[in-house]
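Feature annotations, reproduced from Swiss-Prot:
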- Thr160, Gly181, Asp203, Asn246: S-adenosyl-L-methionine binding site (BINDING)
Amino acid sequence: MNWTEVAIVANHEVSPIITNLLEDYGSNGVVIEDSEDLTHDFEDKYGEIYALNAEDYPTQGVRVKAYFNEIKYTKDFQEKLIQSLKDIESLDLDLFSFDEQTIREQDWENEWKHYFHPFRASEKFTIVPSWETYQQEDDSELCIELDPGMAFGTGDHPTTSMCLKAIEAYVKSSDSVIDVGTGSGILSIAAHLLGVKRIKALDVDEMAVRVAKENFQKNNCEYAIEAVPGNLLKEETEKFDVVIANILAHIIEEMIDDAYNTLNKDGYFITSGIIEEKHEAIVEHMKRSGFEIVSINHDNSWVCIVGQKVSD
C-alpha cells in the first residue's frame, strides 16, 4: 500500500490547530518543519540541526506534513480536508499552501527517520533514536531509547516535553502510574527511569501497544510495565497515584471524571495535547470534577495541565 504525504505551509500561530485537525482526520504521523529551526542557537548536543538543508524548510512560517494511506485519501477526502484548513479563523491565506505527493510503502517506513536525532527533552530526559549511538553526558541524565515508527511521536513535540517535565516534578519512585494513550510508550519509560515500580500503559490502538512493548524491551523495562489495549479509563477498576494522558483535548474532556475516580487521594492528573483555545474549558471541567489545579504550562500554543485530587 502506498501513502499520500500532504504538505501544508501556514503561519506559526495556527500550526497546533492544523496538527490537531490532521490527527482528527486520521493522519498516520505528523512532521513539522519550522523555518525558525534554522536560526535557533542550539547547544552542542543538538549539532545535527546545523546539517539541515535550508532548501528543505519553508522561508516563512511552518510546513506541516501528514501521511494518509491511499485507500483513505480519496478526492472527496482531499476536498474536505482543504476546506477545513481554509476555515481556520486565523489562517494567513497569503502564506497558506497545500501540496501532496505519493510515497511508496518502503520509503514511507523510513521517511520519518530523517527528522529524528538525539535531543534533550527536559532537564533529566534525553530521547535517543534506537539506531543511533549516544554518549550519556553525566549520571543524572536519563536516556530513553525510542523507535516510535511513523505513526507515533518521536518525543520532540511540546506536549511530550511538557509531560516529561511534569513527570519529573510530580512523580515519585513510590507512586503507581497509569499512562493513557501511551503511543510509543515514552512517558511510561520516563516513569520507570524515575524508579516507579507499578506502571500500566493503555492504548485503544493495538499497534500502539505493540510498538510500546518493543520500546519497553529496548529500555529493559518490559518486565516492569503492563501494556494492554484499553479504551481510556472506562473499564479501569484499579487505583493509581498518577494518571498521565497526552492525547487530544476532546478525548481528555471525556476522561476527566474517570481520571479523578481512578486516582488515590493526593494523586496527580498530568495531561497535555491541549491547544490554547481549549485549555480553559479543560481547566474548568477539572475543577468541577474536584481537581485542584497545581500547574498550567504553555509551549508554542500547546498547554499541559496538572491537577491534584485533594479529597476522596
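Start at 1 and count along the chain as shown; that gives each residue its number.
Just so you know, glycine gets a Cβ as well, placed from its N, Cα and C.
Bear in mind that the values here come from a model prediction, so they are computed numbers and not experimental data.
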DSSP-derived class (H/G/I helix, E/B strand, else coil) of Asp203 (S-adenosyl-L-methionine binding site): strand
Per DSSP, three-state class assigned to Asn246 (S-adenosyl-L-methionine binding site): strand
Where Gly181 (S-adenosyl-L-methionine binding site) falls in three-state DSSP terms: coil
Span of Thr160, Gly181, Asp203, Asn246 around S-adenosyl-L-methionine - largest C-alpha separation, Å: 16
Surrounding CB atoms that lie within 10 Å of the CB of Asp203 (S-adenosyl-L-methionine binding site), all protein chains: 26
Other CB atoms, at most 10 A from the CB of Gly181 (S-adenosyl-L-methionine binding site): 22
